[in-house]
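Quick notes on the structure that follows.
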Amino acid sequence: MKYNNLENDDSDIHNNNNNNESEGDSLIELEEINLEGNNNNDINNNNNINNNNDSLDYENNKGSKKKNNKKYVILNEEEDINDKKVENGENETSSFTYGHDNEFKDLPLPKKGFGGLKSLEENANFLSSMTYLWADKFVLYCFKNILQLDEIWELASYDKSSYLFDIMDKNWQNELKNSKKPNFMKAAFKSFGKHFALSWVHFGLNVISQFIGPIFLKKIVSFVIQYRENPGSVDPNLGYYYALILFVNSMLGSIFLYQSNMITSRTGNRLKSLIVLYVYKKSLKLTNSSRSKKSNGEIVNLMSNDAQRLLELFQMVNTLIFAVPMIIVSMILLYDCVGWPSFVALLVMGISLPYSLNRGSQLSIYRRKLVGFTDQRIKVVNEMFQAIKTIKLYAWEDYFSQKMMSKRGEEIKFLTQFVRFRYSLIVVVQSIPTIISIFMFTVYYLVNSKLPADKIFAAVAYLNIIRVPFTFLPYGYNIYIQFKVSIERVVNFLNMDEINQGDDKNNEINVNVCDQQKQQQTDIGIYMDNTTFSWAIKPQTNPPPPRTTPSNDKSSPSGNNSNNEKKEVQVSFSLKNTSCQVKEKGSLLMVIGPVGSGKSSFCQALLGEMELENNGSLRVVGSIAYVSQSAWIMNASLKDNILFGKEYNKERYEMVLNCCALLPDLALFPQGDLIEIGERGINLSGGQKQRVAIARAVYSDSDIYILDDILSAVDAHVGKHLFYNCIKGILKEKIVVLATNQLNYCPYSTQTLILKTGGEVEQYDTFENIISTINSAYGNSSLFSELLKQYAHMAGDSDKDSDEIVDDEMIKSKENNNDLYDGKLTTIEEREEGSVSFKHYMYYVTAGGGFLFLIALLGYCIDTSTSTFTNWWLSNWSSKHTSTGINNNNSSSSNSISSSSSYIIDSLSSLNINEDGDIENAGEFLGVFIAIGVLTVLLIIVRTIVFFEYSIRATTEIHKRLFWSILRAPMWFFDTVPLGRILNRFTRDTDIVDMLLTNSLNQFLNFSTNCIAILVIISIATPWLLLPMTPIIILFYFIQYFYRRTSIQIQRIESITRSPIFSHFAETLNGVITLRAFRKMGENVLKNQALLDDNNKCYLTLQAMNQWLGLRLSVLGNLITLLSCIFITVDRSSIAIASVGLSISYTLSLTTNLNKATQQLAELETKMNSIERISYYTENVPQEPDQIIESNRPPMGWPSLTNSNHTPPIIFENVVMSYRQGLPAVLKGISFEIKAGEKIGICGRTGSGKSSLLLALFRIVELSSGRIIIDGLDISKIGLKDLRSQLAIIPQEPVMFTGTLRSNLDSLSEHTDSELWDVLKEIQLYEHVKKVSVADEGLDLRVNDNWSQGQKQLIGLGRALLKKPKILVCDEATASVDSLSDELIQRIIREKFKDAIILTIAHRLNTIVESDRIMVLDSGSIVEFNKPSILAQNENSLFNWLIDETGTQNSQYLRSLIKH
């Protein structure tokens, strides 16, 4: 626990005894505690334990330890803090803790809202379930409160992903075994067939109710006609009966519909979740060759967009399934109404069908291409923002923005084609009902010379039924096409080869091992017999021609490689004919060799990651702990990273912290080991990340430890501590495989494996037997031989440990942790409250062009008006015949339309009817009817084209704004925002804007304008209906208002719960080798399931709210229909027959249109949540200063560094820097000058400020005060690109990007091929490139993840050589290379940059002792800055102390290198 205030007499902390982890103790650092007046806080100390192998003494149980005037106190949490007493404490209040992940995790805190309760739906009775009454109190709660995730009830047991997976996996495994072409959906139907069937039954009953409605509409119209003809022959109450039957029928239909919707949504979400889970599990098992075919971005796309396609399909699957039956039944009933003219409708649909099918097939083709380009875009985004710091340091923003825009441009090109085909299909199907109406009624009139009202309006009702499936058919077919492509991609991924690492239960890795070998090799150990392992990579397409002159083309040289995945996988690096056997406890196998020899590959071969190429065998028996060269860190607390799912054991935990030298680090953290490390360990230095990874391995208490160059990321002193206290200490009884460049530890090995360039084993023997013949391992290199012999003699020196553990890399943590007083680095994801703001709608409207949107909106209004006017004209036409045939004497009072709106009738036409009842000007009437229909179709075409153009512009502009906003964000933004959260904007949110938002907006505008038109028609036809409709409309408003306040909150939470799924997935992909080595795949699958369940409970709650709303709106719509029928029955003697049919037909469709309009509004709001999230980033993310300031650009040749004006080239003047405003300074008034050509070495104690100095120079962090001057220019006054492009850095953690070797060396295409080859020769990668090139790829060799860290650092050096900078920064540039390569790099830097200013930060003092001056930093200030010879002679110098700490012989060697 953390106790921030120990000075309060009344402090009282209650602990939960049920917390399993609270059984241990908490280690708290008490510094300078004020004891005055605090007699109750007295802590007794006892049981001191000293560890001779380490300078860090700690006390067990209630003990204490002094170090640097700090006291470490162990508290037993079962005792109250007030019962402790502090002895000899100093006056300081900072503290740190370890041992308790969450002190209040298991406390029975009261749950707010419905949190922790069983699902309300699961507990609902039959009536409540059918009518969604159970959701009423939840809607009311959301209306009054701001909803939080923990206030939503628990997910129902039958919706939990683990339960669903168990059901599905049986059928999927059978499908894989028994089918040549496994069908995921077939397995899904077997698993959830009853749910599909139940949904179809409910929807089918709803469809039946839809067809019953027009039947009773016809009966009501007939009732009025018969009553008018002969009142005595008809029961006057018959109209009320029909009205009641119509109401009950509509109510039952609504109940069935919304039950069907909920079942379908639940089933679709289940399958979507299963796809996400299957993709996640599969990504944990892919072989290297399979993995090389799929980038992280492509796999993320499967989880986000492809899984979503299935969910979208299920939202309209019932409409799609019943579309054809509904059309067929409608045609039969239509034939019953109008006779053979109904075949005109069939003919029109038959003609349009081939066109629709053709468009559908084109949609499928373009969707497949579009998905491929989407994968490429996401791949670039993922890679960019994972390496954003490198991109900023190299000033590569423009290059990567062009690369990104190129990918997005290709995606938009196919998106445009896709949307064009989709909208052309929409135009056809939306126009078909109008075209059918024109032709059918025209033919009917020409044949029968009349239009009977009862038949015509029944026909109109059936056409309205047809209109719904026809309207949704293009959307549904479009989604089906996308789904078909997506499910094909998912199945292809699930069918990829899986790695076979042996028996998880028995902790074995078996590769090509026979039963006899298993019987012989039963002891814990490593048994490798004549194996040749290889990596597999994707070959490149035909390489471009070589460059003889620098290219002006700044686009990505690897931009046109979208077809690469179709190529066969070819072998790159291989580890040849390797044999070894390690089975004795306490064995230490050391693997050494030059850069690129295969040390890391050997480690991964032992893990079963490489592919066996011959008949050899590998068997690893026992549990394995693995530490990679680049430490993999989880986004969790430091403690969670160490425990890694194992039970907390206080004694071992303390021992691990001690031997991994982590105790001093905990002193820097406000929350000790509870500190949140951050994504990719961003909150820790390289050395700290490595030590946390080592601590994780040590705590696991495994049988075999595979350690890949773990000492490179720490300084020599900490390296010694780790070697003697971990490898030769706590792990002395374990089998350890250590790949290393630290040759001074070779004498301690029991076996040594020497690899040479190309992956061949040079020697495998004891170190003593090897030392005499070592020269041959490196081509008889006398330099390497001398170094190895020197290290062998120095090894004895290393036994001595000092009283201090000083990790130079620890600085970063202290600097970063000024940012972390609460121990939290990752920010909480932003979330707006209330309904979607109007400004977000305007954001979307203006993005596509406000004028275009207004034209489209006007098109919807006019289109709906003309469509409605067509039916009104039809009703007016039929009324002339009906009125003539019934009672000409009542004509003056029978037409309510004329009486209520005579100005409309008078202005439209003046119809003369002859004695036979024929319309004299029928030709004019027919001509107007056709003209209106044609105008309606033309308007549909025009507004669709305009809307299409608008949507493409909008999505293009929004993505551009998002990309540039994040690219220009300061570095702290990426340190505090998880990558998964950023990726979510570029995947799911962008996909919604690209594909779904325009659909929702289109349909909302369509249905809402329909509702307005219907209300206008009803008010004209039956104006007395407006009075009872008013309270219904008011009630309608409040219901939808309550709903929207609920739905938008749930949608926002759903979006937020989606981000951790992506973050966890990205984290898993980066650490999959570590997870497999520790056999932690199962635990991470459980975590994935938990994250899915959180997201699913939000989604299903949202869907339940949708059905709640829909049913209640249906009730209101059905009430309007009931009232309309009642009023018609009451006014049966005077109402116009045309008004009867028009009013009822439109009230019937009003229910559907109101529901659809409100649902689409809700859907639009949920989709607009993506606009909210994107606009938040585009409008609220802080931006870096301008890349270029035209008014203050540096002169050509800047910086010249010629000293022409007699001023130092680099001047720091009173530099003060904080990571953010309001945080403590990490650089405190630093001032110094650097002369032209000077070589400056920078070192210092923990938290000294070295990294901060570097960040200030590159303006990664802006200064709080002071200034930095380079060659006479204040760098804060010039653009970032102008500054950073003139500096060069060789980073500690080098990055190679997807693409070619050429693009990685010369991203800006500024150099010729010959220059690039020359650099490769200088950094000694020329032969390696020639060897691994396929088909003479050369510089166009495609790079992959199999390049070693050392090789990547050499590429970083190559970039600097090509750039020829005036100022070079080396940030531990030789950390991951062997001694020979270290010497090579140092020699190249000395020779090639002899005139440049060089700033070198290093753990290894040998890399800086030959500098002109040494700068020693401490606590953000310069404490020493002088020549190394002067500092080394000063006994009180910190630099002199650091030299002495390397050991007697090594310190003598270092002093011999110092210039005098």
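Glycine is treated like the rest: Cβ placed from N, Cα and C.
If you check Swiss-Prot, you get these features:
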BINDING   593-600, 1244-1251  ATP binding site
COMPBIAS  37-55  compositional bias 'Low complexity'
COMPBIAS  551-563  compositional bias 'Polar residues'
DOMAIN    196-482  domain 'ABC transmembrane type-1 1'
DOMAIN    560-783  domain 'ABC transporter 1'
DOMAIN    853-1166  domain 'ABC transmembrane type-1 2'
DOMAIN    1210-1444  domain 'ABC transporter 2'
REGION    1-23  region 'Disordered'
REGION    37-68  region 'Disordered'
REGION    537-567  region 'Disordered'
TRANSMEM  196-216  transmembrane segment
TRANSMEM  238-258  transmembrane segment
TRANSMEM  320-340  transmembrane segment
TRANSMEM  425-445  transmembrane segment
TRANSMEM  456-476  transmembrane segment
TRANSMEM  842-862  transmembrane segment
TRANSMEM  922-942  transmembrane segment
TRANSMEM  1014-1034  transmembrane segment
TRANSMEM  1108-1128  transmembrane segment
Indicate whether G1244 (ATP binding site) is helix, strand or coil by DSSP.
strand
Give the number of CB atoms, excluding that of G1244 (ATP binding site) itself, located within 10 Å of its CB.
26
Could you give the residue numbers and ranges of same-chain residues that sit at least 6 residues beyond the transmembrane segment (196-216) on either side and whose C-beta is under 8 angstroms from one of its C-beta atoms?
189, 242, 245-246, 249-250, 252-254, 256-257, 259-260, 263-264, 267, 318, 321-322, 325-326, 329-330, 333, 458, 461-462, 465, 1145, 1148
Does the transmembrane segment (238-258) make contact with the transmembrane segment (1108-1128) through 3 or more Cβ pairs under 8 Å, each pair 6 or more apart in sequence?
yes
If H, G and I count as helix, E and B as strand, and all else as coil, what does DSSP give for V595 (ATP binding site)?
coil
Suppose we draw a 10 Å sphere around the Cβ of S1248 (ATP binding site). How many other Cβ atoms does it contain, all chains included?
28
Non-local residues, at least 6 beyond the ends, that sit with Cβ under 8 Å of the transmembrane segment (1108-1128):
131-132, 135-136, 139, 220, 224, 239-240, 242-244, 246-247, 250-251, 254-255, 257-258, 261, 1018, 1022, 1024-1025, 1028-1029, 1032, 1035-1036, 1039-1040, 1043, 1047, 1135, 1140, 1143-1144, 1147-1148, 1150-1152, 1154-1155, 1158-1159, 1162
Would you mind checking how many other C-beta atoms are within 10 angstroms of the C-beta on G593 (ATP binding site)?
25
Radius 10 Å, atoms counted are CB only; among the binding-site residues V595, K1250, which position scores highest?
V595
Tell me, roughly as an integer, the mean pLDDT over the domain 'ABC transporter 2' (1210-1444).
85
